[in-house]
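So the structure is just underneath, and the comments pick up after that.
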Amino acid sequence: MFLAVTEVCDRFSTIGFHANMITYLTQQLNLPLVKASNIVSNFNGTASLTPLIGALIADSFAGRFWTIIVGSIIYELGLISITTTALLKSLHPPPCPSLVDCKEASSFQLSTLYLSLFLLAIGLGGTRPCVMAYAADQLDMSKSCVESRSWNFFNCYYFILGLARLAAVTIVVYIQDNVSWGWGLGIPTIAMAVAFMVFLSGSPLYKKVKPGGSPLVRVIQVIVAAIRKRKAVAPEDPSLLYQNQELDAAISVHGRLLHTTQFKWLDKAAVEKYGEATDSSAPNLWKLATVHRVEELKSFLRLLPVWAAGILLVTANSHSSSFNTQQARTMDRRLSNSFQIPPASMSFFGIMTVIIGLVLYERLFVPLVRRFTRNSAGITYLQRMGIGLLFNILFSVVAALVEKKRRTVAENHNLVDNPKATVPISVFWLVPQLSLHGMSEVFMAVGQLEFLYDQSPESMRSIALGLFWIASSVGDYLGTLMVSLIHEHTGHKNNWLPDRNLNKGKLDYYYWLVTGIQAVNFVYFVVCAWCYTYKPLEEVMEEDSVSV
């Protein structure tokens, strides 16, 4: 519960800062749309790259607890810094309500912003790969125990995050748009401080798993040993390969990996030559590896092609949040004569879809499908991810059609040349695409987290969850490149993504492009899923061992 409260406050502060960031950059710092959107995407990319470094530190020597502590402190400093940019007039340009001939933020003001974003990205590198894995450490995540539970850890975890996101995009975004950016960024800063104190207060109760040494070193050792023995002949009987349960005890607490027939050339690392292993001392691991260590590398290599399918998914979605917010800003957002929905709060519908979808998935979909598949989880991780990819393709198709409709209405009412005008079309036209995107998260995002956690070696789980963010990082950078190229090469008069006036653009063409990219990516994923082999594991029980 301490970790749940911590993560709710943490995610509330993260989403509260990030959800409306495009508005802060375009309305407060007066940056052009494409430049602002690229800053958001580049920040996402950097903040998704640092978790791999944090994961390596956690799994190698620091442990997850201390990595979370240090990451939280740095992240809090970043929040304080960016809140200061909103409070001090010298750190942002004068307002420009007309959106014409606006004075952009100066180099000094942008430098302050970039420093803040850098601190936030470094801090997220410590928390993102570790909090979920640390929460899972508190539970028995063996296959037999997971199957016996009536609830799914990852569904529950994502559900809790959904509640935090919901609060952020309603409360915080409203304050940012209607009260002040000082309070709008100050509240997430306070929430993160609360999260840190709650996390510390639960420290005596946590189960702290000791790091098993650098997984990167073990991977290199296996490769070096295999190269050294490249001329050796691996035995037909895998039981003759070198095994040492005592040596592997620290990295196989919940089970030992069994031999597989894929990547057979790596088996040569476990071919034992005379004198390499004795009862009195551990072998030289640069010359001889255990079967478990060889299979660690094999497991990691097997999941990489499937993991890579998430990169183009992120590429396609990298700017959708920013563009959805800008679309909403041009549409009729009135709920009454005195209240308008803040543009960034439209993500409420996607998040609500995630929350409701996870409950329906857990309580209706899984029990129903289980009757036909005989699978305790209803469907496999890969099937869940594939359904998520299909939902995301539908999201892009609907987004393209809705944007075409919005722009047509603007043309019919002669509003194309007026960027401040409200196009007489309800903002609720965006709800279907946001809901489809939410369903994609229910299946793809949660399914990918489950897949990476379950199919990675237990000593590499922080790194595996770090891979989830690396896919986001590479995807965001590719998304930035794609948007920049589109903006540069689609001309000045008919630019798909204009700087200030979305009514003059061709945003629907962009959505059709990413639809095509996702269709190709789906075919690639199906091929990878078809060829994938799930890892075999011998679970460690108190009295005996059970193969699963």
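Cβ coordinates are placed from backbone N, Cα and C, and glycine is handled just like the others.
Nobody curates TrEMBL annotations by hand; they come from automatic prediction.
Listed in TrEMBL for this protein:
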TRANSMEM  65-88  transmembrane segment
TRANSMEM  113-135  transmembrane segment
TRANSMEM  156-175  transmembrane segment
TRANSMEM  181-200  transmembrane segment
TRANSMEM  341-361  transmembrane segment
TRANSMEM  381-402  transmembrane segment
TRANSMEM  463-486  transmembrane segment
TRANSMEM  509-532  transmembrane segment
>> With Cβ-Cβ distances below 8 Å as the criterion, list the same-chain residues six or more beyond the ends of the transmembrane segment (113-135) that contact it, or say none.
In response: 3-4, 6-7, 10, 14, 17, 29, 39, 43, 46-55, 57-58, 64-65, 67-79, 81-82, 85, 105, 153, 157, 206, 449, 453, 461-463, 465-466, 469
> Same-chain Cβ contacts of the transmembrane segment (381-402) under 8 Å, 6 or more residues past its ends?
Replying inline: 306, 309, 313, 316-317, 320, 324, 429-430, 432-433, 436-437, 439-448, 450-451, 454-455, 508-509, 511-512, 514-515, 518-519, 521-522, 525-526, 529, 532
>> Within the same chain, where does the transmembrane segment (509-532) have neighbours whose Cβ lies under 8 angstroms from its own Cβ atoms, ignoring anything closer than 6 residues to its ends? I mean 6 or more beyond.
In response: 302-303, 305-306, 308-309, 312-313, 315-317, 323, 382-383, 385-386, 389-390, 392-393, 396-397, 399-400, 403, 482-483, 486, 496-497
>> Counting CB pairs under 8 Å, which listed stretch among 65-88, 181-200, 463-486 touches the transmembrane segment (156-175) the most?
In response: 181-200
